[in-house]
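*Asks:* What TrEMBL lists as domain 'DUF112' is A:20-441. Residues or ranges marked as transmembrane segment in TrEMBL: A:20-45, A:51-70, A:108-132, A:138-158, A:165-183, A:203-224, A:324-345, A:357-379, A:391-410, A:416-446, A:467-492.
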Amino acid sequence: MEVFGDLLFGFQTAFSLQNLMYCFIGVFLGTFVGVLPGIGALATISMLLPLTFYVPPTTALIMLAGIYYGTQYGGSTASILMNLPGTPSSAVTCLDGYPMSNNGRAGVALFVTTLASFIGGSIGIIILTLFSPALAEVALAFGPAEYFAMMLLGLVAASTLSQGSPVKGIAMVLVGLCLGMVGTDVQTGQQRYTFGIPELSDGFNLVAIAMGLFGVGEVIASVNKIRDQKADQRQKITFRSMVPTKDDWSRFWWPMLRGTGVGSFFGALPGTGTTISAFMAYAVEKKISKTPERFGKGAVEGVVSPEAANNAASQTAFIPTLTLGIPGDAVMALMLGAMIIAGVQPGPRLITEHPEIFWGLVASFWIGNVLLVILNLPLIGMWVKLLQIPYRFLFPSILMFIAIGVFSVNNNTFDIFMVLIFGVFGYFLMLLRFEPAPLLLGYILGPLMEEHLRRAMLLSRGDATVFVTRPISAAFIFVTTALLLWAIYAAIKGKINPKIDD
Amino acid sequence: MIAVGLWFMNHAMESYSIGTLRRMGPGFFPAVLGGLIAVFGVLIALPAFFREGDPLGFEGRPFLMVCLSIGVFAFVLERLGMVPAIFALVFCAAFAKPGANLIENLALSVFLAISAVAVFIWGLGIPIQAFRWNI
């Protein structure tokens, strides 16, 4: 089997001392920020984005990816012990995880979520390994028209399916696209929107945008919101308390597999990330359960299925990112940004041209998942202690890492002021309930979209029907239109009866 | 939704679109974008006028102090180096939350300064000076 040879090669890459170390740092930090409410994967990855300049691209991506799936593990800990989701995707875990903890079964809850996370993640990796090379091969046949249509679909899907109003989501994507226009035009060399500021001729700094929107904005919003909590100290989490009963096991396997299925599917779609997967998985379990009244009172199924789902989704989300160069959500957009910074062109050629990145990353997922099980079960006590770090110590530290991080990109204080501006912007967006995530997607895909649009127009000699006459592109356009119509329909329905919000 | 805030948003979007249309030459793409943004601005603002507005929930103190702390960091960094800049940042940021404690923040600054020097200067070799004198 060719796949095994490639995977073996990947493990050789991933097992180098440096990569192992960064993988460990990634999953460690991921669990850390996953456990802590008020700071998520997005903010952390944007804070560590500058590192990409100092280590090889494979190593940097291994670490950033580790943060992403590490938060999925850590998030459930805070949900179960404190009824406080550490990450949005583990919000569902609170519903049944915290009641389990109140029933004195916190240990069991932690054990089954970690096991479900591990198995869900592993199946996600297997799917990623098997499907990505095939998908990349198909994508090699894509021309500029297909790319443009596909990116359009990705952006529309991400903005309409994410949380919040779809109209606002699309508006944010558009603003992001405009921000992406700033700088030197690739084809004519013309300066656009730089207003004579030389620092802007390369465009806005991705690191500054990401840190401002997700880092500074979040900090301002949560300084007064997050109260210092005392973790539940009533029960000691011992190994013995983690052993599930026979009844728990019988309620474990099927929900876990169903959750994995739901998660793998939604993770691979553009625009639907880990949060939606977890909610869907919970809904599915509740619907098919013979005893739906047990949900919300500590049902094992209710924690197993969403946790398996969000971990599977966090692995399959890499499929479109690595094979097509289309990010499914904002975290994936940052990963793409990191590749571009490192000079690696994302797209279907990534697997053949940079096998060490693709297979090294896949292999590091296995290593990372094993490390996470070790980090989360025997060391659970450490994370519980960490939950007690007061936020008043945390937020100046976050601000410092943001400021130094962004400075280190260009050794330029101009970028620190850019962070400040984007932070203010991000805070106001948050106040007005606009999602900043689609903006980032638009910013990263904007220049690529423009390039493909122009190239498609050049090849077709200005004939715009090329998008609907080529079958693959037509299919993408069709789905995009359908999504838009659905968004409009939902918006109108919401206006007539504003009480049906969700 | 916040009617007043959205109106400002919409206004900003519309004035931005005028800016894009001027550059028709190399920028067909931005012009289309600008137009679309204006349309969506209207789409968002119109329903907002007919709805009950929520209070904005703007928090002045954290907003001001967090911004100030970053600004001060950039300013001090260029003139005195990284370590004093960290102290300045921590102390400004501390005032974002009421009830700041001098000794606690001093300890935090020292801790952060040491770890920043270790990670960024020794660990990653970023060309940044811990102390300098350049006023």
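Using the three backbone atoms N, Cα and C, a Cβ is placed for every residue, glycine included.
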*Asks:* Grab the same-chain neighbours of the transmembrane segment (A:357-379) for me: Cβ-Cβ under 8 Å, and only residues 6 or more beyond its ends, written as numbers and ranges.
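*Replies:* Tertiary neighbours of the transmembrane segment (A:357-379) are 6-7, 9-11, 13-15, 19-20, 23-24, 26-28, 30-31, 57-58, 61-62, 65-66, 69-70, 73-74, 77, 110-111, 114-115, 117-118, 121-122, 125, 128-129, 132, 242, 315, 318, 322, 339, 344, 350-351.
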*Asks:* Quick one: do the transmembrane segment (A:324-345) and the transmembrane segment (A:138-158) reach 3+ CB pairs under 8 Å, ignoring pairs fewer than 6 apart in sequence?
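*Replies:* Contact between the transmembrane segment (A:138-158) and the transmembrane segment (A:324-345): present, because at least 3 Cβ pairs are under 8 Å.
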*Asks:* Should anything in the same chain at least six residues away from the transmembrane segment (A:138-158) have a Cβ under 8 Å from its Cβ atoms, list it; otherwise answer none.
*Replies:* 169-170, 173, 269-272, 320, 323-324, 326-329, 347-349, 437-438, 441-442, 445, 448-449, 451-453, 455-456, 459-460, 466-467, 470, 472-474, 476-477, 479-480, 483-484
*Asks:* Under an 8 Å Cβ to Cβ limit, what residues of the same chain, 6 or more beyond the ends of the transmembrane segment (A:108-132), are close to it?
*Replies:* 3, 7, 69, 72-73, 76-77, 80, 93, 97, 100-101, 237, 241-245, 248, 252, 256, 259-260, 263-264, 267-268, 300, 303-305, 307-316, 318-319, 322-323, 351, 358, 362, 365-366, 369, 372-373, 376-377, 380
*Asks:* Tally Cβ pairs under 8 Å between the transmembrane segment (A:416-446) and each listed stretch (A:165-183, A:203-224, A:467-492), then give the stretch with the top tally.
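*Replies:* The stretch with the most close Cβ contacts to the transmembrane segment (A:416-446) is A:203-224.
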*Asks:* Using a Cβ cut-off of under 8 Å, list the residues of the same chain at least 6 residues beyond the transmembrane segment (A:203-224) that approach it.
*Replies:* 38-40, 42-43, 45-47, 49-50, 179-180, 182-184, 330, 334, 337, 341, 391, 395, 398-399, 402, 405-406, 409-410, 415, 418-427, 429-431, 436, 439-440, 443-444, 447
